[in-house]
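Report on one structure; see the data block that follows.
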Amino acid sequence: MTIIRKKHPLIKIINHSFIDLPTPSNISSWWNFGSLLGLCLAVQILTGLFLAMHYTSDTATAFSSVAHICRDVNYGWLIRYMHANGASMFFICLFLHVGRGVYYGSYNMIETWNMGIILLFAVMATAFMGYVLP
């Protein structure tokens, strides 16, 4: 089985990504926040798409479309609250992820750190635009 795992081109990709993945010796629960960020982002995108199917951005009907989502759409209230609370959870995980990077000295890898800071500012700008939308 290990020969197929090491030699087959498609299985080799999965092997290097999941099975023989090098992990640091000091791995702990702090290393979960990157995966939780991906999960939170997927939930935000999914619930955002579902909410966008029923939301009307016209100033005259925006409030009534939100009321329609909460009252008339099946589990619309749940989707709306998952989207709202998911944004807060996303930022909690994001700041804990950055804090873990600072604690473990990840800023020494300059290119990776700079890319993370650019992504942090892009996420914060996107969230600001989401809160400011009429």
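Cβ from N, Cα, C; glycine included.
Around H83 (heme b b562 binding site), a 10 Å sphere centred on its CB holds 18 further CB atoms from the protein chains shown. According to Swiss-Prot, the feature heme b b562 binding site maps to H83.
Close to H97 (heme b b566 binding site) in the fold, though at least 6 residues off in sequence, lie F33, G34, L37, each with a CB less than 8 Å from its CB. The heme b b566 binding site annotation in Swiss-Prot covers H97.
Sequence-distant contacts of the transmembrane segment (33-53), counting only residues of its own chain at least 6 positions beyond either end whose CB sits under 8 Å from a CB of the stretch, comprise 69, 79-80, 82-83, 86-87, 89-90, 93-94, 96-97, 100. As annotated by Swiss-Prot, transmembrane segment applies to 33-53 (among others), with the evidence given as similarity to another entry.
Nonlocal intrachain contacts for the transmembrane segment (77-98), taken as residues 6+ away from its ends with a CB within less than 8 angstroms of a stretch CB, comprise 30, 33-34, 36-37, 40-41, 43-44, 47-48, 50-51, 66, 69-71, 116, 120, 123, 127, 130. The transmembrane segment annotation in Swiss-Prot covers 77-98 (among others) and is backed by similarity to another entry.
For 113-133 (among others), the entry in Swiss-Prot reads transmembrane segment. For the transmembrane segment (113-133), same-chain residues at least 6 beyond its ends with a Cβ under 8 Å from one of its own Cβ atoms are 57, 87, 91, 94, 98, 101, 106-107.
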